[in-house]
Number of protein chains: 2
Amino acid sequence: MQTLTVSLADRSYPIHIGSGLLGQAEHILPHLKRKQVAIVSNTTVAPLYMQTIAQPLRDAGVAVIEIVLPDGEAHKNHQTLQIIYDHLLQNRCERNTTLIALGGGVIGDLTGYAAATYLRGVPFIQVPTTLLSQVDSSVGGKTGINHPLGKNMIGAFYQPKLVLADIDTLTTLPQRELSAGVAEVVKYGLIRDADFFDWLETNMSALMHLDAAVTSYAIYRSCENKAEVVAADEHEQGERALLNLGHTFGHAIENAMGYGVWLHGEAVATGTVMAADLSQRMGWLNAAEVARIKAILQAAKLPIDAPDLGADEYLRLMQLDKKVADGRIRLILQQSIGKAVITADYDAEKLRQTLSLAA
Amino acid sequence: MQTLTVSLADRSYPIHIGSGLLGQAEHILPHLKRKQVAIVSNTTVAPLYMQTIAQPLRDAGVAVIEIVLPDGEAHKNHQTLQIIYDHLLQNRCERNTTLIALGGGVIGDLTGYAAATYLRGVPFIQVPTTLLSQVDSSVGGKTGINHPLGKNMIGAFYQPKLVLADIDTLTTLPQRELSAGVAEVVKYGLIRDADFFDWLETNMSALMHLDAAVTSYAIYRSCENKAEVVAADEHEQGERALLNLGHTFGHAIENAMGYGVWLHGEAVATGTVMAADLSQRMGWLNAAEVARIKAILQAAKLPIDAPDLGADEYLRLMQLDKKVADGRIRLILQQSIGKAVITADYDAEKLRQTLSLAA
């Protein structure tokens, strides 16, 4: 097991990465204020892993409430949130009750937001079971739900007490979701870690085959990058926005196609290619660099061709992005592989060419 | 105008108290990150004061979105919250848009919670227009909504950038709501400020007649007490719970009668008498002190007789309180006038006598 720390003063917390962690209650027990937890999972993950984590806790004398939600991004909404609140209230959960999120990003975001808002805040623990949530969404305290008018529009910054990333859970992950997670791994290389990008080019095949050492290292290094960014800018006033490489384009795609049709990581991969395309049009990336970006995403079996929504529709959807400031869309663009910037200082006509999927 | 500060490191903020403040945009302008605000009010307050505050802001070049909600505690729920979100999204409000709560405690709690959760947090300003919200709910950052299974069960700690308490708004307040506010004023005297309690005994008639100097002083001293408590214990881990004197009993009454039938302050007043009754049964207060407590509340035209729900029903409803720890109801009780404690160390049979309204 490897451990690293997200450094946020009195809200610092450890991330444990390794094999077999789900069945080891000793990682969780020291973080409980009271021997009562509510484990929130979904209909896909709960049959696989709920008892793996719940039974050792029960054996250690912890009262465990199980909350099983419908699966999918389409359920990351207010209605599903109410299901969590209802269970917590019916079971008289108190301020010392710890919520445990067992699942992917949707479960983590929903559970984290429920924890942030139930009784004005109760402790929670992230147990991410997808690659995407292990390398990205479980770390950093972004929680929230979607609104019919936009993704992640309602939420809170709320840090977990612990992140437990068990790589064994990736063996049951569909290949398409594994690929979606790799999109975020590649992102860290692109925005701030050129060496990691090089390493990924070499090790992509092993990662896609879930070689244990390669997978653990990829998760560790991703979390390390994310932890550094979050520690420097918890509330996304500056550098943290770089983590949204590809996301402004990607959110527009997800929103247009209907939440859950494209996986988040697939939309991000395609958005990353769009950001690279605009970066090339701005003269910041050369053709070879763009080709490397496309190649590594293709090696991860990710889509790189954006749907043709028309530039106007893209612009309309992108206006909903949380990074819009004074009506101006700010984008994360590449200055090189390993260096991204957030900027509103791009050529609007070139953005239109990118969105028109012009050759 | 008098000003005091709530000291919370980088989240500190001023409270301005005085006459005519609503029409003075200069108090608000320095706090806006962008010249766009959304003013949230209700159908009772908006016709009286919306333009008083909105027009000077517009004259200063601020874009003003007006959001008018139905009035009443019964609307402090998820459905009303959605109305706020919908307006904000439809108007493309961004992270730099400031929300302004113009109204009483319900508007303040709803708007503050919307501000805490919209785009994971936008700035907000409290402009309380009732005595209760000026002396209590607008200060300290408690925000939230009710759930069908309990009051204020969903929420966040989220501090405003400014509190603007204009005593002129109290002239349009129904007497019953004025009394409800006085219940919270009396509370500060009871829990930590015996001198203030004495002063209130002398000045209650002037306060009920809204004498300007007496009213300003009562608000200032109440906010001063609240600010000290909040600064010492922002997240209610300890002393802050004392502010809930009468509230555990009061919430049970509100919950049993249906939200909004009893005013919050009326329920608190009655709950305060119940707390005093139990304190007397415990031997902590004498009969003369209990008589003084009843007398000052009656001078404020507040109810002091609890509805007869039966002890079992009271206990069931009180179990939902957020202060319950390890299944044990913790209560705020009086050791003397001017000194309250939070304790689970009371005689359960004596509590049952209080709840049974035994003589």
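For all residues, glycine too, the Cβ spot is worked out from N, Cα and C.
Among A:H209, A:H264, the residue that TrEMBL places alongside A:E184, A:H247 at the Zn(2+) binding site is A:H264. Secondary structure by DSSP for the domain '3-dehydroquinate synthase C-terminal' (A:181-324): 104 helix, 2 strand, 38 coil.
According to DSSP, A:G108 (NAD(+) binding site) is assigned to a helical segment. Taken residue by residue, the domain '3-dehydroquinate synthase N-terminal' (A:67-179) breaks down under DSSP into 47 helix, 34 strand, 32 coil. Distance noted between the C-alpha atoms of A:G105 (NAD(+) binding site) and A:H264 (Zn(2+) binding site) is 9 Å. Note: the Zn(2+) site is recorded as A:E184, A:H247, A:H264; in the same chain, A:L132, A:D136, A:A180, A:A183, A:K187, A:G246, A:G250, A:G265, A:A267, A:V268 also have Cβ atoms within 8 Å of that site's Cβ centroid. A:D71 (NAD(+) binding site) and A:H264 (Zn(2+) binding site) have their C-alpha atoms 14 Å apart, to the nearest angstrom.
A C-beta separation below 8 Å, combined with a sequence spacing of at least six in one chain, links A:T130 (NAD(+) binding site) to A:G103, A:G104, A:G105, A:T169, A:L170, A:L173, A:E177, A:A180, A:G181.
Between the C-alpha atoms of A:H247 (Zn(2+) binding site) and A:T172 (NAD(+) binding site), the distance comes to 26 Å. In sequence order, A:E73, A:G105, A:L132, A:A180, A:G250, A:E254 constitute the residues six or more apart from A:H264 (Zn(2+) binding site) in its chain with CB-CB distances below 8 Å.
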